[in-house]
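Copied over from TrEMBL:
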| type | residues | note |
| --- | --- | --- |
| BINDING | Glu22, Leu23, Glu82, Asp307, Lys401, Arg408, Arg409 | N(1)-(5-phospho-beta-D-ribosyl)glycinamide binding site |
| BINDING | Arg121, Lys162, Ser167, Ser168, Gly169, Lys170, Gly171, Gln172, Glu216, Glu217, Phe218, Ile219, Glu224 | ATP binding site |
| BINDING | Glu288, Glu300 | Mg(2+) binding site |
| COMPBIAS | 194-207 | compositional bias 'Low complexity' |
| DOMAIN | 126-329 | domain 'ATP-grasp' |
| REGION | 186-208 | region 'Disordered' |
Amino acid sequence: MVTIGTPLSDTATKVLLCGAGELGKEVAIELQRLGVEVVALDRYANAPAMQVAHRSYVLQMTDGAALREIIEKEMPDFIVPEIEAIATDTLAEIEKFGIPGQTKKIQVVPSAKAVQLTMNREGIRRLAAEKLKLKTSKYYFAQTEEEVKAAAEKLGFPCLIKPIMSSSGKGQSVIRGANQIKDAFAKSQREARGSSTDGAGSTSGTGNKPMKVIVEEFIEFDYEITLLTVQSVSGTIFCEPIGHIQINGDYRESWQPQKMDPVALKRARKIAGQITKALGGYGIFGVELFVKGKTVYFNEVSPRPHDTGMVTMISQDLSEFALHTRAFLNLPIPAEKVTKGKGKKKENKRSKGNQSFKVVKLNGPSASKAIFRTGTSNKISYSDLDKALEEKDTQIRLFGKPKIKGERRLGVALAKGKSVKEARKKAEKVDKAISVNFYYIM
């Protein structure tokens, strides 16, 4: 039996959000709908989720002592990370040992193990490729320019270099020849999480010692997908595959469903189920996969809602944010059973290879388009919203970010259509119709 108390009382079920961006904002809204008390943390004031939380704090979440102080003060039932730049060792200690003098168990969502492993490309790649034997690109880890050169020679050109600690494409490069290694390695060191210039206020750097990178085989895949996978009391549940476009590591557009060969879809679900079970805990995971024909490669996984999954706010009855909150609150998740990768089918008793999967109901072809704008301001307004929303089956979400300096994602346009192509066109039209006004006061 699941019981939820009353916010701002001694019966409250309390969630601490570590990260208060646009994804955290939608999680907070779903929690508010269920009567959960929400406390939001971020490194700047008036972050999106702070605007819909009961309380908020500004701090560097990579500061373990500061993070522990807030946790001990608030004593949440659940700690829900929204970003990777967090003192994960502190979260692991609290999940394992609790708070001194307190009997209350605090659950890190989905688990401290998942949060720790996925923030580090070495940890998650070794789990996927070496322990679970999932298909991945060929790779080597390196810590010096010479080691990168040796790895590149073994893999051949082009190849990829990524810091083991980074996100949103930071520090990543495609190396097309030996003459590009020096600059690519320098970029990986400069933009890695924990470097002096990463902007996250991290204190987890390694002094003068170079930061480790992963050098990967370059795969000429047909397309990449995000397979949102839920671990819950209802078992392992999948959303329909999401196709997407990224520029410089940032999500710009996504659509659902991404058309896939049934064999590839079955393999994708099997991989996603294996990696999320191994990470442990209840919640939603954004499993990133490369697809080439019927071959599926594991790339990365995020143990939280995924930016490409914002399309689910219009494509599904239960968005990825609703699924996440239901999962870690131990609430059931309705799903349809499918066989052979797509479509509801009866089990073929003569075929031992058939496998059933639980899948979240899709309302129809849908798309999302990130509302990116460039400017410098700490006072932003939005115009022509009436024009943007003239067409049926369209929606927008404006994140309420307090300032902009350079390029920033300020909202998302959502659309449904008779086909994915139509939905994408409608979402793009909504995005283009919105005028964003910057008043320079900074």
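Just so you know, glycine gets a Cβ as well, placed from its N, Cα and C.
All annotation found in TrEMBL is predicted automatically rather than curated by experts.
Everything TrEMBL records as a feature, shown here on the structure.
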residue: Glu22; record: N(1)-(5-phospho-beta-D-ribosyl)glycinamide binding site; DSSP (3 states): helix
residue: Glu82; record: N(1)-(5-phospho-beta-D-ribosyl)glycinamide binding site; DSSP (3 states): coil
residue: Gly169; record: ATP binding site; DSSP (3 states): coil
residue: Phe218; record: ATP binding site; DSSP (3 states): coil
residue: Glu288; record: Mg(2+) binding site; DSSP (3 states): strand
residue: Glu300; record: Mg(2+) binding site; DSSP (3 states): strand
residue: Asp307; record: N(1)-(5-phospho-beta-D-ribosyl)glycinamide binding site; DSSP (3 states): helix
residue: Lys401; record: N(1)-(5-phospho-beta-D-ribosyl)glycinamide binding site; DSSP (3 states): coil
residue: Arg408; record: N(1)-(5-phospho-beta-D-ribosyl)glycinamide binding site; DSSP (3 states): strand
Check: min Cα-Cα distance from Glu216 (ATP binding site) over binding-site residues Glu82, Glu288, Asp307, Arg409 goes to Glu288
Checking the binding-site residues Arg121, Lys401, Arg408 for other Cβ atoms within 10 Å of each Cβ, the smallest tally belongs to Arg408
Near Glu300 (Mg(2+) binding site) (Cα-Cα within 10 Å), the binding-site residues in question, chosen from Arg121, Ser167, Asp307, Arg408, are Arg121
One of the binding-site residues Arg121, Ser167, Gly169, Gly171 has its Cα closest to the Cα of Glu22 (N(1)-(5-phospho-beta-D-ribosyl)glycinamide binding site), namely Ser167
Spatial hits near Glu224 (ATP binding site) (Cα distance within 10 Å) out of the binding-site residues Glu288, Arg408, Arg409 come to Glu288
The binding-site residues listed are Leu23, Asp307, Lys401, Arg408, Arg409; by CA-CA distance, the one closest to Ser167 (ATP binding site) is Asp307
Quick note, Glu288 (Mg(2+) binding site): same-chain residues at least 6 apart with CB under 8 Å of its CB -> Glu224, Ile225, Thr226, Phe298, Asn299, Glu300, Val301, Ser302
Closest by Cα to Arg408 (N(1)-(5-phospho-beta-D-ribosyl)glycinamide binding site), out of the binding-site residues Arg121, Gly169, Gly171, Phe218, is Gly169
Spacing of the two Cα atoms, Lys401 (N(1)-(5-phospho-beta-D-ribosyl)glycinamide binding site) and Arg121 (ATP binding site), in whole angstrom, works out to 29
Arg121 (ATP binding site) and Arg409 (N(1)-(5-phospho-beta-D-ribosyl)glycinamide binding site), compared by Cα position, are separated in whole Å by 25
If you count the other CB atoms within 10 A of the CB of Leu23 (N(1)-(5-phospho-beta-D-ribosyl)glycinamide binding site), including all protein chains displayed, you should get 25
Around the Cβ of Glu22 (N(1)-(5-phospho-beta-D-ribosyl)glycinamide binding site), other Cβ atoms within 10 Å, all chains included, total 24
Of the binding-site residues listed (Ser167, Gly169, Glu224), the greatest number of other CB atoms within 10 A surrounds the CB of Glu224
